[in-house]
């Protein structure tokens, strides 16, 4: 996985101060960025030139305070062929020595009016998501009441049909058939569609449907956090399914675990409504409202009262 410099420019709306077309095609392979503070003093041990170099007010002020020849020399040491680009934040004026060094070393110089901390956060978040290792899973990813719900199950059980019904009920399709999932951080999973399948859903007997064309832009979403997994399986009278919601099960992807529930599919059951309820119930639990715990408390209280009455 890699990101091109021109993609970063487009995403963060950066201005190009210097950058030939071929320089904007440079690949970025590391999500980390560097704010070169010590490097400007001449200390280059552990310097990582493969990262994007971000200069804020502190770095810029120190650079401007240096004599012109020293400024040029330190920038020449910083700007190496493997450096993807240099970004100057806060709309600060790029020194002539920086432009000279960039031309000689063939490195794009970019600027942004955004504050350094904000720009750093946006850039890191974007690179983390783009460069994260993807895991492809079979299923349908839906945005239900603002929650990312991954619907899985055996082939032919009705995942896509359920997704289409959820779209008709006002929810949004993120991905059908193949969902590319990546860990945005240690506790968060995100999912997105394969580019070739974006906004498309396959219904047996009908064919491929362009959800955006049929239902509008409000019916689709380019990516979503994956917060809950729902596994559809055929109803089996010999199998016990969770009736109280107290049997915790998890799905682990890329080292991150999310809760998973199993829903038996049976003729006459409205699976889309059940999944809606599951999503709302999960959100209620996250907010501290647990119906299972409430039922358990009521049952315990009832048993205690009966014991007192029968004593």
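Note that Cβ sites are derived from N, Cα and C of the backbone, with glycine treated the same way.
Looking up the ranges 246-251, 252-257, 258-263, 264-269 in Swiss-Prot, the one annotated as region 'Important for the catalytic mechanism of dephosphorylation' turns out to be 264-269. Summary of the ATP site environment: with the site residues 153, 154, 155, 156, 157, 158, 159, 160 set aside, the chain residues having Cβ atoms within 8 Å of the Cβ mean position are 232. In the structure shown, the C-beta of 159 has more C-beta neighbours within 10 angstroms than that of any other entry among the active-site residues 138, 159. In the structure as shown, the Cβ atom of residue 202 (Mg(2+) binding site) sits within 10 Å of 14 other Cβ atoms. The binding-site residues examined here are 153, 156, 158; by Cβ neighbour count within 10 Å, the least packed of them is 156.
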